[in-house]
Amino acid sequence: MAGRSGDPDEELLRAVRIIKTLYQSNPYPSPAGTRQARKNRRRRWRARQRQIHSISERILSACLGRPAEPVPFQLPPLEGLSLDCSKDGGTSGTQQPQGTETGVGRPQVLVEPPVVLGSGTKE
């Protein structure tokens with residue numbers, strides 16, 4: 001691993017210099033030429049930028065010894081969640097035991113589903 005030999009700060013600075021050189025090696029395309037030529041140059045430039053971004057992530061993860069992105073936050077299952085739009089702050093449409101409050105950790109469960117559309121027959 002790159003961060004284990006020598007000074008870790010020096011290795012990180014070296015990785016940052018490499019990444020900076022990569023980005024500087026891909027300047028934005030010139031505005032000359034026809035519309036289609038400019039569009040093609042920008043498309044190829046964006047593809048190179050994506051490649052440089054992925055290479056940079058790999059360099060940093062190798063240098064730091066961990067992924068560059070944080071671990072995603074675990075969310076509760078969506079099946080048990082509902083929106084409580086009551087204005088009075090009550091528990092309209094939910095069943096709760098006496099003395100408990102609904103918060104982020106306790107999803108609200110609807111007792112009966114709301115009617116969104118009618119039966120489809122015109123009266």
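Any Cβ shown, glycine's included, is placed from N, Cα and C.
Of the listed segments 18-26, 63-71, Swiss-Prot assigns region 'Homomultimerization' to 18-26. Given the ranges 73-84, 109-120, the record in Swiss-Prot names 73-84 as motif 'Nuclear export signal and binding to XPO1'. Broken down with DSSP, the region 'Homomultimerization' (18-26) shows 7 helix, 0 strand, 2 coil.
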